[in-house]
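What TrEMBL records for this protein:
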- A:7-27: transmembrane segment (TRANSMEM)
- A:47-69: transmembrane segment (TRANSMEM)
- A:147-178: transmembrane segment (TRANSMEM)
- A:198-217: transmembrane segment (TRANSMEM)
- A:238-257: transmembrane segment (TRANSMEM)
Amino acid sequence: MKGLISLGAWFFDWLEAIGRAGIFLFQSLFRLPVRWGEAVNLLVRQLYSVGVLSLVIIIVSGTFIGMVLSLQGYSILAKFGSEDSVGQLLALSLLRELGPVVTALLFAGRAGSSLTAEIGLMKATEQLSSYEMMGVDPLRRVIAPRFIAGVICLPLLSMVFSAAGIIGGVLVSVGWLGVSDGSFWSLMQQSVYFDTDILNGLIKALVFAVAITWISVYQGYECVPTSEGIGKATTRTVVLGSLAVLALDFVLTAAMFGDF
Amino acid sequence: MRSKRAELLVGCFIVLGLAAFVYLAVQVSGLGFSSQKDTYQIVARFDDIGGLSERAKVTIAGVTVGSVDSISYDKDLYMAKVTMNIESDVKNIPDDSSIAILTSGLLGEKYLGISIGAEDRMLQNGDEIHDTQSALVLENLISQFLFNKTSGSDK
Amino acid sequence: MLDVYIKVQNLSFSRGDRVIYEDVSLTIPRGKITAVMGPSGTGKTTLLRLIAAQLSPDGGEIQVDGQNVHTLSRSALYKVREKIGMLFQSGALFSDMTVFENVAFPLEEHTTLNANEIKKIVLEKLHSVGLRGAAALKPSELSGGMARRVALARAIALDPELVMFDEPFTGQDPISKGVLVELIRKLNAADAITSVLVSHDVEESLSIADHVCILAGGRVIAEGTPDQIRRSENAQVKQFLHGEPDGPVPFHYPEDLGLEQGGVSQ
Ligand SMILES: Nc1ncnc2c1ncn2[C@@H]1O[C@H](COP(=O)(O)OP(=O)(O)OP(=O)(O)O)[C@@H](O)[C@H]1O
Ligand SMILES: [Mg+2]
């Protein structure tokens with residue numbers, strides 16, 4: 001009985017937290033900027049730190065994952081004499097799953113954690129209060145550009161990741177393992193569909209982007225403003241962000257590709 | 001100044017992301033702007049399409065001349081109805097040509113192969129190829145093979 | 001009677017179980033410097049945050065210039081805050097901007113001045129705190145005392161009606177302290193700004209304030225002119241002014257009895 005009550009209490013706390021996070025997101029996005037030039041400037045700065053600075057890790061990981069996939073795929077497919085299909089395997093796994101998911105996980109670790117820490121530190125050093133005191137809404141000024149930048153960057157990064165993976169895969173399978181150039185591409189093009197594969201992958205990346213960035217900025221904004229509190233919030237961002245990505249990925253995959 | 005540089009890099013980043021998207025669309029999914037060539041449609045009905053999928057290629061003499069547009073079930077004839085787009089420059093397919101579902105390799109993709117007939121009349125948009133040969137379904141082949149073996153040893 | 005700018009009436013506020021204010025009333029006169037003093041941790045910073053409506057009281061009301069700040073709509077409150085400058089205890093400079101941009105920020109946000117006019121004002125304000133040369137530095141490159149002076153320049157950038165200084169003198173050498181005292185005094189003389197000065201520095205505060213409030217233990221223990229405070233016979237006030245460790249003012253943070261009992265029972 002006691003357990004049931006505490007479970008109920010936990011559930012209500014959880015619902016309340018979700019509600020608070022939802023209101024928080026709503027308020028940051030629907031308070032329009034007063035000075036648009038300034039707002040664009042802030043957004044560019046965030047695109048730089050969220051997107052441009054994540055580019056190297058995304059390209060490098062994408063290339064290596066593409067190379068490894070080709071090696072593994074080749075050695076398995078060769079047993080059935082259909083090593084030409086390695087392009088198909090590579091493209092489908094990158095576009096549907098690995099591109100969006102791995103990019104999102106890297107993004108949670110690289111950009112999400114730094115968003116949380118940055119906002120948490122702004123809170124701890126009273127910079128957020130300071131904006132409020134000056135009659136400037138910190139949600140609009142600090143949170144909104146970071147959120148929007150995250151939502152723009154992750155889908156783009158996921159495209160870059162997949163493209164880097166394909167290029168890495170071509171290098172290994174065509175350049176090194178000797179798969180024929182023509183059948184590599186033609187089998188790939190035959191089995192990859194623009195709408196079901198590329199667009200669905202893009203939709204996944206977009207959903208992950210909203211989830212991770214939302215978690216990151218909210219954790220930063222609501223953290224206990226001490227060094228310990230910021231540390232914990234950062235960890236929570238990475239853990240919750242990654243779990244959210246994996247859970248959402250299952251739901252989205254079932255919805256998109258489930259009707260075989 | 002510093003923010004100018006950031007703007008430039010952000011610009012590069014966005015262009016790179018979009019370029020990656022276009023690359024994936026064109027090179028990987030084969031969504032070509034050039035593939036929007038003029039086509040005409042022909043139809044064929046099969047007893048069993050055995051894993052043929054939409055967008056599978058249609059070949060003549062091994063050369064791709066078109067692709068499968070749609071596959072549906074014809075419930076009056078209990079057959080699969082396959083509609084395909086054929087490139088307009090290949091306008092000279094005789095009326096009595098036959099079409100077969102082929103497999104590339106043992107386990108590879110299914111595709112369609114047209115064998116040219118002898119008639120003077122050519123297929124037009126919306127026409128049907130009547131001489132069709134269904135997919136070879138591996139299980140059927142194997143059971144046929146086993147059946148022949150046993151019945152052969154009986155004699 | 002004095003022209004009242006801020007009126008605090010029957011204010012109650014608590015943090016969790018800890019009561020910080022209970023039924024406190026005080027007034028802050030318009031155009032004067034009011035010093036708020038009290039032992040560390042009594043809630044001076046909290047009082048400033050209540051006045052700026054960053055915190056909401058549990059009971060009572062606070063009127064700033066005749067408006068009850070806690071019942072205003074968000075946009076009306078933000079309008080009121082544009083008239084308020086606040087120097088945070090920690091400085092709270094925006095770490096992603098230079099010193100210049102920090103001071104320019106309120107001007108860019110709330111005025112329609114062009115870049116040249118803003119530059120002129122910013123450099124003038126930085127000059128008045130002796131940091132004109134530091135305009136291009138980042139907050140991380142400043143010392144604690146310098147950061148606080150920049151924050152002061154930022155707080156007065158908009159020429160506010162009300163400036164609240166949370167311990168501006170801490171971490172300043174005698175010269176900069178003298179400069180700051182002079183600056184605060186000058187601000188008041190020229191523009192009839194209302195200032196609220198939170199400070200532990202008894203002598204400094206009594207010398208520039210027109211009005212003094214001493215807080216301790218969640219209530220106002222004395223309010224009046226510096227002379228009245230100096231002549232006060234109240235034991236608590238005397239103890240505070242002379243910095244005696246023993247007396248009626250509690251120096252120790254109230255101890256949590258639960259903790260001790262827990263310790264005993266184990
Ligand atoms: N965020 C908070 N959560 C819980 N309690 C708090 C919080 N902030 C302050 N307090 C408590 O409120 C009390 C008053 O704090 P406040 O910062 O107003 O003190 P102060 O008078 O400004 O002290 P000091 O002179 O040291 O700056 C303190 O005892 C502190 O324990
Ligand atoms: Mg304080």
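From the backbone N, Cα and C atoms, a Cβ is placed for every residue, glycine too.
Of the recorded ranges A:7-27, A:47-69, A:147-178, A:198-217, the transmembrane segment (A:238-257) has the largest number of C-beta contacts under 8 angstroms with A:198-217.
Beyond the ends of the transmembrane segment (A:198-217), by six or more residues, the same chain brings 21, 25, 28, 95-96, 99-101, 103-104, 107-108, 111-113, 115-116, 119, 143, 146-147, 149-155, 157-159, 162, 192, 237, 240-241, 244-245, 248-249, 252, 256-257 to within a C-beta distance below 8 angstroms of the stretch. Sequence-distant neighbours of the transmembrane segment (A:47-69) (same chain, 6+ residues past either end, Cβ-Cβ under 8 Å): 89-90, 93-94, 98-99, 102-103, 106-107, 110-111, 114-115, 146, 149-150, 152-153, 156-157, 160-169, 171-172.
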